[in-house]
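Q: Heads up, here are the entries from Swiss-Prot:
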{"type": "DISULFID", "residues": "1-99", "note": "disulfide bond"}
{"type": "DISULFID", "residues": "29-139", "note": "disulfide bond"}
{"type": "CARBOHYD", "residues": "78", "note": "N-linked glycosylation site"}
């Protein structure tokens, strides 16, 4: 399983798209800020084993895709940029699917992998609850856009770490 340079370029492009999706000055939204507790698994990949890292990356990208693919999302963003972001996230997921398949086949019920994944799911569940509580307001979406930039930036850092270790995720 190899994450190509194209995969890494796609990750950077997704960050650029998120930056371009900015519609509001962040100042009026400052009172809506919340610490969602970005999971350390997404930030500090050195504590993860190979199969955990792949699973965490996949789950984070899947949850991010799901977040921007909900009905309320299309009302908040430029449709073209949103579609490009979702397409880019989908491509990254497909790239990781090639890595995830063998890992899942080896230890499908491995609870060591489930802890970090559940942490990522809880993180995104908190984001969905926040959006609902804020009635999917423009400010709430702006807060989430910035949060997703942090999350995707962290995932890109983790992907770079994995790639530097020989470029082959299976050799970690």
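Here the Cβ of each residue, glycine as well, is placed from N, Cα and C on the backbone.
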Q: Give the residue from the recorded positions 29, 78, 99, 139 that has the most other Cβ atoms within 10 Å of its Cβ, counting over every protein chain displayed.
A: 99
Q: Cα-Cα, whole number of Å: residue 99 (disulfide bond) versus residue 139 (disulfide bond)?
A: 37
Q: Distance between residue 29 (disulfide bond) and residue 78 (N-linked glycosylation site) at the Cα atoms, whole Å?
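A: Here the two Cα atoms lie 19 Å apart.
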